[in-house]
Structure formats: C-alpha cells, structure tokens
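Asker: Residues or ranges marked as heme b b562 binding site by Swiss-Prot on the basis of similarity to another entry: His83, His182. The heme b b566 binding site annotation in Swiss-Prot covers His97, His196. Feature annotation from Swiss-Prot assigns ubiquinone binding site to His201; the stated evidence is similarity to another entry. Residues annotated as transmembrane segment in Swiss-Prot, with similarity to another entry given as evidence: 33-53, 77-98, 113-133, 178-198, 226-246, 288-308, 320-340, 347-367.
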Amino acid sequence: MTNIRKTHPLLKIINSSFVDLPAPSSLSSWWNFGSLLGVCLGVQILTGLFLAMHYTSDTATAFNSVTHICRDVNYGWLLRYLHANGASMFFICLYLHVGRGLYYGSYTYSETWNVGILLLFAVMATAFMGYVLPWGQMSFWGATVITNLLSAIPYIGTDLVQWIWGGFSVDKATLTRFFAFHFLLPFIVTALVMVHLLFLHETGSNNPTGIPSDPDMIPFHPYYTIKDILGFLIMLTALSALVLFSPDLLGDPDNYIPANPLNTPPHIKPEWYFLFAYAILRSIPNKLGGVLALVMSILILAVVPILHLSKQRSMMFRPLSQCLFWLLVAVLFTLTWIGGQPVEHPYIIIGQTASVLYFLIILVLMPATSLMENYLLKW
C-alpha cells in the first residue's frame, strides 16, 4: 500500500516540501537560517496575536495598555519581551540568510532572490510599524521622522505624508492604521514565504561549492530536519537568555517615556537593525538624495545577479572576492555603529566614507574582482 503522505492531496505537498525533498548532501549550517526564519515568523505571529488581545491602539491608552500587559496579564511581560526581542532574532537571521546568499551565489536563482527582497521590505515595514505601537517617545518621534521622509518626493510628497498620517501630524489616526497594518503584514509575509519556497523548490537548493549537485542528493528528512532542530534549539536558547536576563538590552530607554509631541529626544534613532540604512540616509546632506540612498541600500540587492561576472557561482574558491565580502560586512557593522551616534565630527565623515564604500564594493569592486579572478584562472 502506498504511504498516505504520498497520496493525500494536502500531505503530499508537505511531503514534497519537507520530507522527500531532494537536498544537496553538502549543505552547511549557513543553510539553517531559512527554517530559523520560519520559526521566528511563527513565534512573532503567536506572541503578537496574544499581545493584540490586550493592546489598545488609541493614543490616550496605548502606552498604558503595554504597561498593563507587562504588569497585570499572566506572563504578559514574557509575551511582550519575546515579541520585541524576537524581532531582533528575526533580523539577525534575515541578515545572515541574505549574507549567505551573497557569499554562495544563491542570487542566481533570480525569482527566489527577488521574492526574498520583497520579503525583506515587507518585514522591515512590519517591524517599523510595530515599533510605533508602544507609543513611547522613540515610537512617536521615529514615526514622525521616518514618515516625514516621504515629503522629499517631488510634487506629491507633502500630500502623501498627510495621507499616511491621517492628519497634520502623527496622531490617533496614524497609530490606529499602523496597528491595522502591523497585524495584517505578517500574514502577507507568510504568503510571500510560500511563494519564496515555491520558486526555491522549482530549482532545488544551491550548495556551498556552487557546483550543480544533481548526482549527489539526500532526502530532507531525517538528515536536514534533525540539523534544523539543532538550529531551533540554539536560537531559542539565545532568545530565551536575552528575554529572561536582559530584555531591554537592544531597546531604547526613551521608549519608557510616554510619547510627548512637545519634547523631542536628544537623539532620534530607529531600532538597531535599521541603523545601517539610517546611517546611509544621514550621510547625504540632501533630503531627497538621502531617501533615495536609503531605498537603494536595500534595493541594490536586486542588481547583484546582473553584476555577477565570475565564471564561478560561489565565493568558496575565490579568495579575493572573499576579502571584499568580509570588508562589506565590516562596512555594515561600521554603518550600524554610526547610525546610533550623534551627527557630529568625526561620526559624519566616518558615516559618509562607509556609505560610499558600501555602494562602491557592491557596484564596482566585486564585479571588477570577479573579472580579475576569471583572468587569473585563465577563464
């Protein structure tokens, strides 16, 4: 008798995606992050659902409702900090996942890569709107500063900002709609994840060598299921340690002050996972130029497949490209640090140098190095 998992209409979809899926035998732990992101998304949707049961999206009560969750709801503090720090884990996994794709040339699967970029934008939008909901000082001023950037769009900018705000400033209407979108977007993200996987399973996974692995495949279960479970345990241990020992480590103390439109915090900055883009935004003294650079800092990922000029897919056997890749990582760390610093000397010039280097490495140095490596390898 044929196994039910191979005949049942629903089970055979799950079977072909997670059980009998042929996977390359050489996948390293860098391939764990896709499944870790799935776990992060699940944790965020679950904790978010329970938080939404107690949260009120009204400017008068939003801050107090979060306080109520932490003080009066059973394990409300745990839900709140799991959700807040879960977002940080989500972005750590996201950036490592994208970094792995860049290093091993996974971007040559263009459909999967482009859906991944859409996913990145959707998750960033979700996180930004979620940060506004506690209605602390940094929530309010972060929302004001970031939404106000849209006013740099010629002709329609000012009207667009007022349309998003639902008035002439960030207020009750803004908070209500941000809550609505923050609730909705994770489900759109889930749908995009399914499309992402659909395209991935059309081509099969890449592997560290970048060489086609068709002759050497193994079933996903039990080999990679057990490997993924180890990843889950490590990540959930790290998240638990963060939540239970220092839940406010990655947050901003200003967000424990209720939002006050009459009092601007000395340093307005987003959560740590947006600081690199914020530093690029601030490094250009022109408003529209800064906004374009901000968008391009993420959208530049879309041109990476076009700029792949190497005859080899992966960087595994390309030491010069490896050096540039790790230089890019160092530049991103520098930008993250600069994004959290005040706009003064020497931070301004460091930020501008790092921003120029970021675009220079991706657009010029990496393609040029690829051509040089082709020449050195007589290709």
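Note that Cβ sites are derived from N, Cα and C of the backbone, with glycine treated the same way.
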Asker: Cβ under 8 Å, sequence separation of at least 6 from the ends of the transmembrane segment (77-98): give me the contacting residues as numbers and ranges.
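Answerer: Non-local partners: 30, 33-34, 36-37, 40-41, 43-44, 47-48, 50-51, 66, 69-71, 116, 120, 123, 127, 130, 235, 238-239, 242-243, 247, 250-251, 271-273, 301.
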Asker: What else in the chain is close to the transmembrane segment (113-133), if you only count residues 6 or more beyond its ends and a Cβ gap under 8 Å?
Answerer: 48, 55, 57, 62, 66, 87, 90-91, 94, 98, 101, 106-107, 139-140, 142-143, 146, 174-175, 178-179, 181-182, 185-186, 188-189, 192-193, 195-196, 199, 270-271, 273-274, 298-299, 301-302, 304-305
Asker: Helix, strand or coil for His182 (heme b b562 binding site)? Use DSSP.
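Answerer: Assignment for His182 (heme b b562 binding site) reads helix.
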Asker: Nearest to His83 (heme b b562 binding site) in three-dimensional space, by Cα, is which of the binding-site residues His97, His196, His201?
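Answerer: Closest recorded candidate to His83 (heme b b562 binding site) by Cα: His97.
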Asker: Hey, which of the binding-site residues His83, His182, His196, His201 is the loneliest by Cβ count within 10 Å?
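Answerer: Least crowded of the binding-site residues His83, His182, His196, His201, by Cβ count within 10 Å, is His201.
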Asker: Does His97 (heme b b566 binding site) have same-chain partners at least 6 apart in sequence with Cβ under 8 Å from its own Cβ, and which are they?
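Answerer: In sequence order, Phe33, Gly34, Leu37 meet the Cβ cut-off.
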Asker: Determine, to the nearest whole angstrom, how far the Cα atom of His182 (heme b b562 binding site) is from the Cα atom of His201 (ubiquinone binding site).
Answerer: 29
